[in-house]
Structure formats: structure tokens, C-alpha cells
Ligand SMILES: NC(=O)C1=CN([C@@H]2O[C@H](COP(=O)(O)OP(=O)(O)OC[C@H]3O[C@@H](n4cnc5c(N)ncnc54)[C@H](O)[C@@H]3O)[C@@H](O)[C@H]2O)[C@@H](O)CC1
Ligand SMILES: Nc1ncnc2c1ncn2[C@@H]1O[C@H](COP(=O)(O)OP(=O)(O)O)[C@@H](O)[C@H]1O
Ligand SMILES: [K+]
């Protein structure tokens with residue numbers, strides 16, 4: 001699914017209004033109804049609701065929401081910040097439509113800002129996607145007081161003060177929402193970790209923006225939906241055999257880190273690969289043969305770390321390398337040989353990333369359109385350099401992928417997948433239970449298996465990251481977030497693939 005900029009969303013609004021031959025006020029009413037529907041499921045009518053409205057259409061939404069909540073028997077108070085004489089037309093129309101029983105006060109100076117009860121339910125409708133500059137003056141004061149009030153804050157469309165798709169200047173005041181209910185499409189800002197305390201839990205509610213407009217709009221930013229991913233999934237063929245689904249090689253494990261190889265290998269096998277060979281330091285032989293009997297095991301002449309590539313490396317369809325391998329000099333040499341000689345795709349993780357990050361020569365040797373890197377943010381920084389904020393990191397991701405013609409899954413709460421053509425896909429599955437050692441090794445195994453099954457590298461990244469997160473979401477239901485381990489993810493991979501095979505209702 002596409003992510004749109006604030007400017008594109010404005011165009012989508014205007015296009016929809018024209019296409020459906022309706023008044024903009026009607027689209028605002030749809031938005032308010034969609035928001036209210038979510039609100040009713042979340043808060044009981046016994047709640048007293050305080051709606052803070054700015055002078056634009058976001059404030060107009062707030063007024064319409066106040067009216068709808070009043071109709072549904074909530075006790076509502078409205079506070080308008082700013083000069084209503086300069087307000088948008090749809091704001092004014094909704095102010096007219098506000099029933100007399102709903103108290104509406106204008107905040108004209110600091111002393112007008114209300115003292116809220118201890119546990120207050122606040123709707124933030126100060127600014128949405130129309131924000132063009134940092135909050136100042138009375139707006140800033142209101143937001144600071146709301147943030148300090150301990151109220152439960154629900155933002156309409158955007159947390160007020162947060163820029164939709166670019167860096168909000170340092171030190172600016174931004175609403176810290178508990179929930180953000182956004183219209184039709186999530187906004188880029190929601191996917192960036194630096195905005196966690198502002199956006200809170202976000203959800204999207206549909207308001208029927210023109211599908212024709214959205215499908216024609218140009219963007220290179222996407223987020224993955226269940227539907228997108230299901231379309232990628234290939235059925236297994238009746239007359240297929242293990243050779244049909246690829247022979248993967250994993251170069252993983254080291255002394256004291258043989259578990260990384262076990263996790264990657266088990267995940268690879270649970271993701272549909274036809275055949276799996278693991279090459280590990282010889283100390284791992286018994287461990288691997290016992291823990292992963294389905295895989296063939298080759299041993300490195302070195303007992304403790306990777307020092308050689310297997311013979312006839314070209315017989316493998318894909319090579320996953322990195323988890324647990326360390327950065328000893330012979331291992332570095334072996335990684336150099338791998339980059340120079342392998343004609344098949346490589347999934348490069350963990351210490352293999354660190355080794356390449358430390359050598360400009362190796363970076364230059366990266367085979368084009370054949371490499372998937374799976375770094376966490378620290379590994380990414382080593383590979384691509386330091387950045388000052390999440391927007392710079394995103395730009396660095398695109399630049400690196402384009403320069404080196406590679407794919408990168410930059411792991412995190414919303415893993416960002418960069419492609420050689422400059423596209424970025426944000427993942428939408430997964431949870432904080434997955435923030436535990438070994439889950440990255442599992443991802444290496446999953447993506448390696450998918451490349452082995454002839455998914456192209458872009459598909460393997462999108463599907464692999466999504467199914468890995470979905471396994472985490474399914475594990476959440478059975479083991480919860482605190483007790484979740486990387487092995488739980490592996491155990492839930494089959495169910496995750498089964499979920500994707502089921503048609504969507
Ligand atoms: N355009 C439409 O038809 C629809 C708009 N909707 C709502 O409208 C919002 C966008 O509305 P607007 O474009 O009116 O913008 P906002 O309501 O977000 O902002 C209002 C105006 O305030 C001014 N402004 C920006 N930054 C400011 C600052 N820091 N201090 C003071 N003034 C500032 C700008 O001139 C801006 O246009 C969306 O987020 C959504 O909530 C929805 O009702 C759906 C339909
Ligand atoms: N808060 C979170 N929400 C969703 N997914 C997460 C979260 N924290 C971690 N993950 C996922 O867990 C994995 C962690 O990988 P990584 O840091 O490489 O772990 P390790 O090196 O221990 O295997 C990544 O796929 C990441 O996206
Ligand atoms: K808002």
C-alpha cells in the first residue's frame with residue numbers, strides 16, 4: 001500500500017470531493033463519523049470528553065466529532081484555540097452546527113486554558129496534516145498543559161505539532177497522544193521510532209478517499225498490508241519434490257554461538273526450503289546434527305570459527321551468512337572470498353555485516369542485485385554511517401541500496417525494506433515480545449528459505465519480514481510478550497504461513 005505525503009493527501013481529498021460531486025463538508029462528516037465509530041468502541045458514554053480544536057479542518061473534524069459524541073450521550077466540552085474569524089469554512093460550518101448544549105469556549109489567553117480533572121479524556125483536534133510550522137504561543141502552551149495533565153489523549157489524524165512527512169525541528173512542542181486515529185492511510189511519521197511518544201498506538205479508519213487517485217499517485221514509500229503479502233505467496237505444486245524448493249546453505253555459528261546457527265536453520269526449514277546444508281565450525285557438529293536433524297552439516301576445519309567456504313559452493317541456490325560467525329581474521333578472508341566468487345544470492349546478517357562494514361574494499365566488491373542485508377540499526381550505522389535522526393536514516397537507507405544495488409531490511413518495530421530502485425516498504429507485523437536475542441537469526445533463516453524457493457529478492461524481503469512478524473503476533477497470543485523467545489517465533493512460523501494461505505474475508 002502506498003504512503004502519501006501531506007500534499008498528496010490534500011490532493012486526494014480534493015480529487016475525491018470532485019469525483020463524488022460532494023461538498024468538502026460531507027468528507028469532513030465522513031471523517032468525523034469514522035473517528036467517532038472508533039471512539040465509541042474505546043470509551044464509554046460515561047466519559048466526559050474535552051475536545052481541543054484548532055482553526056483549520058482538523059479543528060473542524062473536532063467540532064463535528066463533538067456534535068456526534070453529544071448525540072451519542074457523551075458529555076462533551078469544546079475548547080477552541082485561535083481566532084475563529086480566520087478559521088476554515090468547514091470549521092465555521094461545523095461551529096454553527098454545534099448544539100447549544102455543548103459548551104464551547106474560546107481560549108484567547110493563557111488563563112483560559114482549563115484545568116482538567118485528574119483522569120480526563122481529551123480529543124486533540126488542534127492541527128493535522130496542514131501543520132506547516134512549529135507550534136508557538138498559545139498553541140504551544142495548550143499542548144504543554146495537555147501533555148502534563150495526565151489526560152488520556154486521542155489525536156485526530158495526527159498528533160498536533162508533529163510534521164506528517166519531514167523532520168519536526170528540534171525542541172518543538174508536540175502532543176503526546178495515547179492513540180492517533182488517522183484517516184484512510186497511515187502517515188510516514190508513524191513508522192519512525194523517534195515518534196513513539198507522540199503517536200502512541202495508531203490506527204487507520206477509512207473515509208473513502210478515491211482509489212483511482214491513490215492508485216495513480218507516484219511515490220516510492222509503501223507499507224505492507226496482508227493483502228499485498230498474500231498476493232506474493234506461491235502455492236506448492238503437486239508434482240514438486242525437494243529439488244523444486246531450492247538448496248540453501250547457511251554459514252553460521254561459532255564457539256559459544258552455535259545457537260544462532262540452530263535458530264537460523266530451524267527457521268529456514270520451517271519456511272519451506274527444499275534442502276538445507278549448514279557449514280559451521282567443527283565444535284558445532286554434534287549440536288547441529290542433534291538439534292536440526294533435517295539439515296546436512298558440513299564442518300569447517302577450524303573448531304571455533306568460520307575459516308573456509310565449502311567446495312562447489314555454486315551448487316547452492318542461496319547462501320545465508322552471518323549469525324554467530326564472529327570477526328576473526330580467517331572469517332574476514334572467507335567473507336571476502338564469498339563476495340568475490342558466489343554467483344548466487346546472499347543473505348548477509350550480523351557479523352558478516354560488521355565485517356563488510358569495516359572494509360571499503362568489500363563494500364565495493366558487493367555483487368550487484370544479489371545481496372540482502374538484514375541489519376539492526378547499530379549494524380546499519382556501521383555499514384552506512386552515523387545519522388542524526390530517523391529521516392536521515394531513511395535517506396541513507398535509500399542511498400546505500402541505490403549505490404550498491406542491494407536490498408536492506410533495516411530491522412525494528414516497523415522494519416524498513418530498501419530496494420535498489422530507491423523504494424522503501426515499511427512492515428506492519430511484529431511486536432515488542434520479539435525484542436529478544438536470536439529473533440534476527442530467525443529472520444535470516446526465513447529470508448534465505450524464500451530466496452531458495454525462487455522468490456525474487458524484493459519479494460523475499462517483504463514476505464519474509466511480514467511472516468516473521470506475523471509469527472511473533474501469533475506467539476503473542478499463546479506466550480505473551482514478556483516470555484517470548486526466538487524459538488517461539490520458529491514454532492509459530494507454520495501457523496503464520498497457513499494464515500497467509502487463507503483467503504481474506
Ligand atoms: N481537506 C479535507 O477535505 C479534509 C480534511 N480533513 C482534516 O483536515 C486536516 C487538514 O486540515 P487543514 O489543511 O485545514 O490543516 P490543519 O487543520 O492541520 O491546520 C490548519 C491551518 O493552520 C495553519 N497552521 C499551520 N501550522 C500552524 C502553526 N504552527 N500555528 C498556527 N497555524 C498553523 C495553516 O495555515 C493550516 O492550513 C486533516 O488532518 C484532517 O484532520 C478531514 O476532515 C477529511 C477531509
Ligand atoms: N519492538 C519490536 N517490535 C517489533 N519487532 C521487533 C521489536 N524489537 C525487535 N523486533 C524484531 O526482532 C528482530 C531482532 O533482530 P536482531 O536485533 O538482529 O536480534 P538478534 O541479533 O538477537 O537475533 C528483528 O526482526 C526486529 O524487527
Ligand atoms: K490533531
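Note that Cβ sites are derived from N, Cα and C of the backbone, with glycine treated the same way.
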*asked:* Per TrEMBL, which of 385, 440, 445 sits in the AMP site along with 411, 412, 413, 414, 415?
replied: 440
*Further binder of K(+) named by TrEMBL next to 58, 160, taken from the candidates 90, 124, 201*: 124
*Indicate the candidate from 411, 414 with the smallest number of other Cβ atoms within 10 Å of its Cβ, considering only these binding-site residues.*
414
*Anything from the binding-site residues 58, 132, 160, 411, 414, 415 with its Cβ under 6 A from ligand 1? List those in sequence order.*
58, 132
*So which of 58, 124, 129, 160, 412, 440, listed as binding-site residues, have a Cβ under 6 Å from an atom of ligand 3?*
58, 124, 160
*Proximal residue to residue 132 ((6S)-NADPHX binding site) among binding-site residues 58, 124, 160, 413, 440 (C-alpha distance)*: 160
*How big is the Cα-to-Cα gap, in Å, between residue 415 (AMP binding site) and residue 160 (K(+) binding site)?*
25
*Name, in the order they occur in the sequence, the residues of the same chain whose CB lies under 8 A from the CB of residue 58 (K(+) binding site) and which sit 6 or more residues away.*
125, 126, 127, 128, 129, 130, 156, 157, 158, 160
*Could you tally the C-beta atoms, other than its own, that fall within 10 angstroms of the C-beta of residue 415 (AMP binding site)?*
27
*Spatial separation of residue 124 (K(+) binding site) from residue 139 ((6S)-NADPHX binding site) - C-alpha basis, Å*: 12
